[in-house]
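Visitor: Dropping the structure in here first, questions after.
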Amino acid sequence: MGVIKAAIGDAVLTSLWVFNLPFLGVLTGIVSKFLGVEALLPVTLLITTFLATINVLVFSLLGHVLGGASFNPSTTIAFYAAGLKPDSSLLSMAVRFPAQAAGGVAGAKAILQVMPSQHRHRLKGPSLKVDLHAGAVAEGAITFVFCFALLFIMLKGPKTLILQLWLLSVTTVGLVLTGSAYTGPSMNPANAFGWAYVNNWHNTWDLFYVYWICPFFGAFLAAWVFKFLFPAPSTPTTKKQKKS
């Protein structure tokens, strides 16, 4: 029953995340136009990073309210492989990941219904812009960097939550710029599946190879590298009792 409850929470949170994500671009454009800085790329990126920080903060709180719900299978894999999700198992993820994918579909279909026509050009979702294997390598590498940065920032970075989320947002924006010419990028298989579904390529090998298999490999690798570079402190051995 606990796994089913977690899966429902994941589906709800993921649908809200996919529904909400396109509004970051819309709000960035509105704020940039209001401030008259549309032509200044560094300023618009700063605005996007600020909005993304607020966005992640809100969804972190929502995830807590929903009992630890997650909207990204890749980060779940990374935390599990790093030994930071003792309550997770391969069986629970086998239930939760399809729920997240279903949430991605619901979010993508919902935003298509309400986004104003002048902003509908933003509703494309991630897509391959290079050949299959190059895209797979790119998505896996970008997800590796994202998950490693997530682990480093949350476990070895500053203790202040807002500063952690700011650094994570800076990393994410940088990776989106880097990967935009390759795969989008997504860094989130559930988000990629939602948009692939509405664009009718959700049941293709390209989707699962580029946006599921390689990101999972990148997330696992990020966790293993993190554990290798920053091993957990060994627990002190219990001293032997002196013989009386």
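In case you wondered, yes, glycine gets a Cβ from its N, Cα and C as well.
According to TrEMBL, the record shows the following:
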- 6-27: transmembrane segment (TRANSMEM)
- 39-62: transmembrane segment (TRANSMEM)
- 132-153: transmembrane segment (TRANSMEM)
- 165-183: transmembrane segment (TRANSMEM)
- 209-230: transmembrane segment (TRANSMEM)
Visitor: Report the listed stretch (6-27, 132-153, 165-183) having the maximum count of Cβ pairs within less than 8 Å of the transmembrane segment (209-230).
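Guide: Of the candidates 6-27, 132-153, 165-183, 132-153 scores highest.
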Visitor: Are there residues at least 6 beyond the ends of the transmembrane segment (132-153) whose Cβ is under 8 Å from a Cβ of it, and what are they?
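Guide: Beyond its ends, the transmembrane segment (132-153) has Cβ neighbours at 74-75, 77-79, 82, 164, 167-168, 171-172, 175, 178-179, 182-183, 185-187, 206, 209-211, 213-215, 217-219, 221-223, 225-226, 230.
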